[in-house]
């Protein structure tokens, strides 16, 4: 803190006023009394990537800070202070690795109670230029600095994405406050020394955070009619409150007539809230109509909003159609200034400027802080403007020296440019005019259209009659902000939805691991039984154990869904498996920054905290693609690189955004339920929050799932009521997404119970590996780059796979092409034969058979037997599962043989299709066979091929 005051605060104070050029801190002691947290309340965040904490804090400190202005021989300081209030802490973005949170934001939602014990304040206020200040004004400024929209951001990881958005996020929404009237106010005016009772001259203060509005005074009226409208920005829900205080205007001190407070969350929930509210601390009621305006990131409804705003009677200001948020970041190469301020001319060399910025929209001007003695200032401030018609308004930016007399550059930007920009946003450098040749300003401009986002709006039957509403009116009447929007047809997820990718982690091998096993009481040194543990994004994985090997090969793959949040690390630990406690063999960490940026990393990593050992990892980022064109290739590649020890590899990523439900059944016919939803794919589930007592809940939650067989898996959704069971369900086959535009469905879905609907978005992304090794094999052994699959295949039904052998990904069922060569008299078998160099294995995939011969009355019960010739031992024999009574069985099973490539090329693969002769007999009927000379097959391609079956005397052909 002392360093902050001496190196940052003191220079800023000295530069802010010529009379304070000798300002210094002479003593900084923070005392010994700690900050006390009296209570903590946790809220669900607006997004799943954040956590909200409300800390009720109390600080009665013995801090002592002394300052001196030597020029005026002035000494002052602070000796003790008190601070009481509710501090909101936002933890975001959440990460899967330490420090778990990317940044911490802190602010007070409402102005805290602040009491500072000043010393020498009168001396300080005697300094020229400060005489207009007062103790109260200083404390008001300090307190306001701590309250929204001001916030303190503390980044915890480097390279944090979009710091400006975290430091000054967009408002949650806008509340349009119609201060209509009051009634039954108490009379405060007295005449003839109190003998005659008069009335009151009421006015109202409307406040939300630091935003305050004052109504006009209505003379001598206990039932005043104001009819005024104000617009306030809401930054935090829940927490912020709208406060209305009513006073009686008097020549000396105004009399308090009462106040009301309302949490903004109730306005968000209702959409439009029109009611009389009782005044606390006085008598009477105040009539408010509160409208929640949501922020739309496109200009589609702007014309509609403008049209209805023309019919709104609003004073003292016309209603707004949009807001503009300006993130003022920094400037570069501003011109130098000459030291004589009386001649405002620009000149290179001489003195660095003290730049500040004035931003104006129409007649509203806001100013940034001044940054002293630099031509490349960084302000990092946000400014917010209400816009009546963004089509014709302009943003005027003036960069000036702190004296305001010298302009360093200017910019005039028509806001119509934003209307055609993506998401109404410009994030770029802007060249300054009337400035240096290279002088420019970096800003992010974000516009949002204001829309009354509620489907339960009522409109007045008579214009201007407060409280008179007609729900059957087909068209909105005068006095409404905008027309009642129809039920949304599509979801509106946030910009982070669907941006995840998949990290595929290949744990390949290790070398020179230390030996931990001991025998005969430690006299005989053994080896180790190593395995690997991985931790990333809150997930943990563990490899298989390799027995007695200091140079183990695992060749296992693991997959995890990751975001682009910086600072993530993959934690890797190697252990020796023991009967009691596993021994530590080393650890290492891998920063995901390189992988997420380049998409691939293949490295040997030195194990830490051990004398020797290194680990070979390969990491690949798979970015989902919204097209099914490459799905067949992905399935083929995955089946080729799939190892027996690894879990089945994902072919796609499913992202689901569940926005809301409607018309859910009532409990016992009268009470709304408290619903929540579960989204399930396979054995992975996501449960939403529970919405209290609502038949139209809004969940606004998303989840992602790894999909291994897109054509057979489905998304299962269940809506349940707290304590009452299932309210409805939905089963969405993912095959429907494969035929949808960009693999996405976004609309209302009816629940299976016949009552209720859900609005959700489901989108599929195909995971295409660029580093699978299949292409590399293709180029290693063949000069032609052929497709991985030599024939087109179409989606079909799922096969019935009961094999105890490793299950292969479901292949696409083949449909015969009329132009293909007909099958032989005994039928055909479809095989893939491939040599996997990474594993040093020969791989054969038995896909299916077709047009098999039927010898008896019933169809055969076929299976396929494989034998690697000339070795006829059981060690090289493989066999598929058996299919019942079919001439076109589907197997989709994978088999492997460990042997070098040169030996594989000397072998022949004998493939026999057989059937059980009868239930009681052990005799097998040969339906046909084919023998493949592996030296004549391109083992680098891994292409599926149909082969004609022959009898035992002939050779097979393709």
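Cβ coordinates are placed from backbone N, Cα and C, and glycine is handled just like the others.
Here TrEMBL gives region 'Disordered' for one range in the set 467-496, 497-526, 527-556, 557-586: that range is 467-496. Comparison of 156-277, 298-434, 825-947 by number of C-beta pairs under 8 angstroms to the domain 'C2' (481-605) places 156-277 first. Residues of the domain 'C2' (298-434) grouped by DSSP class, helix first, strand second and coil last, total 16 helix, 60 strand, 61 coil. This prediction places the mean pLDDT of the domain 'C2' (631-753) at 88. Taken residue by residue, the domain 'C2' (825-947) breaks down under DSSP into 10 helix, 62 strand, 51 coil.
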